[in-house]
Amino acid sequence: MKVISAMLLVAVFWSQEWKSVLSDSIIHIGAIFDESARKDDEVFRLAVADLNLNNEILETEKITISVEFVDGNNPFQAVQEACELMNRGILALVSSIGCMSAGSLQTLADAMHIPHLFIQRSPAGTPRSACPPTSRVPGTDDYTLMVRPPVYLNEVIMQVVSEYSWQKFILFYDSDFDIRGIEDFLDRTSQQGMDVSLQKVESNINMMITSLFRTMRVEELHRYRDTLRRAVLFMSPATAKAFITEVVETNLVAFDCHWILINEEISDYDLQELVMKSIGRLTLVRQTFPMPQNTTQRCVKHNHRINTSLCDPKNPKAQQLEITNRYIYDTVLLLWHSMASLSCIRKNSKPWQGGKSMLDTVKKFGVSGLTSFLEFTDNGTNPNIFFEILGTNYGEDRGRGVSRLATWDPLHGLNGTLTDRKLENNMRGVVLRVVTVLEEPFVMVSENVLGKPKKYQGFSIDVLDALSNYLGFKYEIYVAPDHKYGSLQPDGQWNGLMGELVFKRADVGLSALTITPERESVVDFTTRYMDYSVGVLLRKAERTVDMFACLAPFDLSLWACIAGTVLLVGILVYLLNWLNPPRLPMGSVSSTTLYNSMWFVYGSFVQQGGEVPYTTLATRMMMGVWWMFALIVISSYTANLAAFLTITRIENSIQSLQDLSKQTELPYGTVLDSAVYDQVRSKAMNPFERDPMYSQMWRMINRTGGGDNNVEESKEGIRKVKYGRFGFVWDAAVLEYVANNDEDCSFYTVSSSAPDRGYGIAMQHGSPYRDIFSQRILELQQNGDMDILKLKWWPKDSPCDLYSSVQTRQRGNALDIHSFAGVFCVLAAGVVLSCLIAMVESWWSRRKGSRVPSKEDDKEIDLEHLHRRVNSLCTEDESPHKQFSTSSVDLTPLDMDALPAARQALEQISDFRNTHITTTTFIPEQIQTLSRSLSAKAAAGFSAGFGSGGGGGGGLQDHRTGGVGPFRQRAPNGGFFRSPIKTMSSIPYQPTGPGPNFGYGNDPDRGTSI
């Protein structure tokens, strides 16, 4: 202050040397402008020129001006130039500079009694701050008039923030703004409990944003983005445009942000550029000047006319006017009208004695001009100021409309409502950018035509369409660049779909996206629209082609036991019959050899009966037990055969996640770094949430660091299940859809019983659409629309069985050739083996017959002769029946020479060794009345016949039969004679006519039994 006082004394000394101005230039006005405000000088000179052309008020006097430019931050220079102007005899001083230089000029004006009309100018177009009060000598008059109204920015911004109900926001100010100007605002917000952050915007905005990304951690950056959703900007329009452009390009803000820019100096041109560069919602507060709509009324004010280039709003020059330009023009008008009312305006004293009169005159007058109406109160301030509050709606549309929301003035306050309009059910005009990941059946490409946008379909797309139809918004969808859901990388950044949301490149994330704590820390989720659980996709066991499927009901050991039992029982039956020979009925062709016993036991086992009659009690007891055993075995085999031919059992099949975790033969895995991968890892590694099942699963999934059993995407895992031995652990809903739509129905799924998470729609952190989306999703679930959408993609009448571990069909499986291939093979083998045996037997018989001459060549019986012999015996009987008919006697003679093969076969069923012929005679019941006489005659006659033809019957009887018994007697060749009368007799052969004598009686080994 001492320096300023010394300068004032120098100025007073210099003022003694000033000279009078020319008589025709009695109105001399000085002006001091900031050297950066050349436009102020232009408007000032234009105003003077316009008034000098008007002779209605000042007919002979003209206005002369003296203009000096100074550094706005150099008060010494301002005082020096002001003293120079006062030496020139100025009657008033007009200044358009900053507060620092204005204080010095105010002291000088008070000392020299020169009216000083001060127009406050903020540096570089930043918002004004109230000038600090100037210390003055008590009792002296204030010769400085504040042309621009006081700063009301604190009151206006407080009103706006309160109307929007903001409780947390950040306040940005540029480097040229004096932060002391908003101290009152900060105090009031603190008193009301608002959370306000301050940040200075440096001149190099790009470097400032880059440093934020470099120094902040991911969590801090997310919190910073959340803070940026609500912001107040105290900065010049140029700085605001640069700052908004930078934060939008770096994705620090998105369409859901709401920023308020407050500055009196915002032109229409600046307004349009700010709207074009910003996204989200933008509110602007600027000073306005009420003007008549009529152009004529705008330019003609009482008895003076305003320059048309300045009063016409359509004129480009008028559109570029700054507020200080307007006040300078109106200041010149006010001085012109005030000086016209003075009686003596010449300045001839120092200080000027007429300065007080002129000051009072200026205070009393008012003028209508470019600032509406300029006047002063008693304290020298301009009370007339109006603010308008403009705003845009939410959205990303460039050049969207700007509307006036409200106005504000010191007398009436806020005129209008600024309530932050809730979206409610109206999102029309909003275009959302949706990022997705292709995942059946949530999101799939339905149409991909070259040159046209892809069309998508799926369950999640249906949900989004339902929300869009109800709320009215539109969306643009694209696939995440890396086709991943996203996970936190080692460098702290998110990739995939999550990264698109975190970095504000997308508004909504939609797919089979599960809600996890990690994801919810960086983005917002709606309420779940579908439950989520972990499942595993497995391949069903295929029906294998087994040629011997008919043997499947019993295992190999049981079949071996059954075969051994058949052999054992056959041997036992043979031994029982050998110990106690059975009585074979007459006419039986069976014998009790070991071969026949085995054959009988096998035939009864396969339920085909037997040929050998067993009459002893021990044998029947054995066979009864054997038949019961065979019945149980065959019934069990028959009952199980059908099941084994139509279905394939799987031992140790996987029917739950527990079964999957306990086995190690089948490898399984999931998508690397996915939500399922993180869930299994967290439940396996977290000591507070450790689950033994998930611990075992994690050991398999993380084998060799997770590289062996895990895949990059879900489609790769599904392919591994279909074409290899692999289990794919993934979202149960996705796996069920895949199993439902598989053409071969070759998959089945196993999932956890209780869902612990859900699928949700992801949005940017702090998105205003989360609540309305969640509300609409709940409505869809409540009215059943969500269930209808689910049935479209997960129908109940699925053609495939999702929970069966084997391949089944809707109808019963028909048995095919593969099921009985083994049976046919056994039959074919039996046929081939039989043919081979027949060939061997034939070969063996021929070989034996050629090497050893048969002793049985002469064993030929003339059956016709035998019949005549028997009939002749019957003729001698006295009974009414005179003869045996040929049909009454059944003789089975075999020609051993003609049938060598049959002779060998008959040897197997002979009663005695070395016997090749068995002849059996059946005597009908109707001739039993002849049996006794026939027996007696036959005994006498046959004995005689054999005796005469064979060289004596006595020798023969002693040799073979030892006499004729009552029941059974051996024939000469070892055979038996069986008859209904239980008698047996040897019948010698006698020729009935001439012929060769064969001499059968001479050989005791030759004969025939009847």
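Using N, Cα and C of the backbone, Cβ positions are placed for all residues, glycine too.
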Of the candidates CYS745, CYS835, CYS874, the one sharing a disulfide with CYS800 in TrEMBL: CYS745
For the L-glutamate site built from THR514, ARG519, ASP731, further residues of that chain with CB within 8 A of the site's CB center: TYR485, ALA512, LEU513, ILE515, THR516, TYR532, ALA675, VAL676, ARG757, TYR759
Overall pLDDT for the domain 'Ionotropic glutamate receptor L-glutamate and glycine-binding' (441-503), taken as the rounded mean: 86
Number of helical, extended and coil residues in the domain 'Ionotropic glutamate receptor L-glutamate and glycine-binding' (441-503), per DSSP: 20 helix, 16 strand, 27 coil
Which listed residue (ARG519, ARG681) has most other Cβ within 10 Å, given these are recorded positions: ARG519
L-glutamate binding residues THR514, ARG519, ASP731: largest Cα-Cα distance, in Å and rounded to whole number: 17
Candidate nearest ARG519 (L-glutamate binding site) in space, where candidates are the recorded positions CYS83, ILE654, ARG681, CYS745, CYS800 and distance is Cα-Cα: ARG681
Around the Cβ of CYS800 (disulfide bond), the count of other Cβ atoms that are within 10 Å: 21
Distance [Cα-Cα, Å, rounded] between CYS83 (disulfide bond) and THR514 (L-glutamate binding site): 77
When distances run from the Cα of ASP731 (L-glutamate binding site) to each of the recorded positions ILE654, ARG681, CYS745, CYS800, the nearest one: ARG681
Cβ neighbour count (within 10 Å, all chains shown) around CYS745 (disulfide bond): 20
Nearest of the recorded positions (ILE654, ARG681, CYS745, CYS800) to THR514 (L-glutamate binding site), judged by Cα-Cα distance: ARG681
